[in-house]
Amino acid sequence: MGLLKAVVVLNGAADVKGVVQFTQEGDGPTTVTGKISGLSPGLHGFHVHALGDTTNGCMSTGPHFNPLGKEHGAPTDDNRHAGDLGNVTVGTDGTVEFSITDSQIPLSGPHSIVGRAVVVHADPDDLGKGGHELSKSTGNAGGRLACGVVGLQG
């Protein structure tokens, strides 16, 4: 299958913007690298959502991508949504550069994330362990600050 590449351009609330790149070699894990700016310092939930629909901004991207019907969790948990990528840690300058490697977000096949949305949230993802009523579905990560649709690159 060779190397697959995809990209998301994030846009949203106020000055939040960024670019996230995805690469996958064969059936191996997907590497996610990105830079996002315009965020408040601290942790922000970072997820793949089920739909690539941004007609109503980030609100129309649906729930977390969850093809296997599991509960929300941390990226290292066995019981997690495929789209649960945890948090990105934003510095005092409002920017974050990150690299994540994950085996549940392929760029091809029946569970491909191509055509789905990536969303950056206002608050930290509690990784399903916060005890809040939303912990097991969204990680209680709050509002959707920015989003974009995953598209294949040549």
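Glycine residues also receive a Cβ, built from the backbone N, Cα and C atoms like all the rest.
Summarising the annotation, Swiss-Prot assigns Cu cation binding site to HIS47, HIS49, HIS64, HIS121. Positions annotated as Zn(2+) binding site by Swiss-Prot: HIS64, HIS72, HIS81, ASP84. Annotated disulfide bond per Swiss-Prot: CYS58-CYS147, in sequence order, evidence recorded as similarity to another entry.
Sequence features, as recorded in Swiss-Prot, placed on the structure.
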{"residue": "HIS47", "record": "Cu cation binding site", "Cβ neighbours (10 Å)": "28"}
{"residue": "HIS49", "record": "Cu cation binding site", "Cβ neighbours (10 Å)": "24"}
{"residue": "CYS58", "record": "disulfide bond", "Cβ neighbours (10 Å)": "23"}
{"residue": "HIS64", "record": "Cu cation binding site", "Cβ neighbours (10 Å)": "25"}
{"residue": "HIS72", "record": "Zn(2+) binding site", "Cβ neighbours (10 Å)": "27"}
{"residue": "HIS81", "record": "Zn(2+) binding site", "Cβ neighbours (10 Å)": "27"}
{"residue": "ASP84", "record": "Zn(2+) binding site", "Cβ neighbours (10 Å)": "30"}
{"residue": "HIS121", "record": "Cu cation binding site", "Cβ neighbours (10 Å)": "25"}
{"residue": "CYS147", "record": "disulfide bond", "Cβ neighbours (10 Å)": "27"}
8 Å Cβ shell about HIS47, HIS49, HIS64, HIS121 centroid, Cu cation site members excluded: GLY45, PHE46, VAL48, THR61, PRO63, PHE65, GLY83, ASP84, VAL118, VAL119, THR138, ALA141, ARG144
Helix, strand or coil at HIS72 (Zn(2+) binding site) [DSSP, three-state]: coil
Between HIS81 (Zn(2+) binding site) and HIS64 (Cu cation binding site): CA-CA distance (Å): 7
CB-centroid shell, 8 A cutoff, Zn(2+) site HIS64, HIS72, HIS81, ASP84, site residues removed: HIS47, PHE65, ASN66, LYS70, GLU71, GLY73, ARG80, ALA82, GLY83, GLY128, SER137, THR138, GLY139
Distance, HIS121 (Cu cation binding site) to HIS81 (Zn(2+) binding site) (CA atoms, angstrom): 16
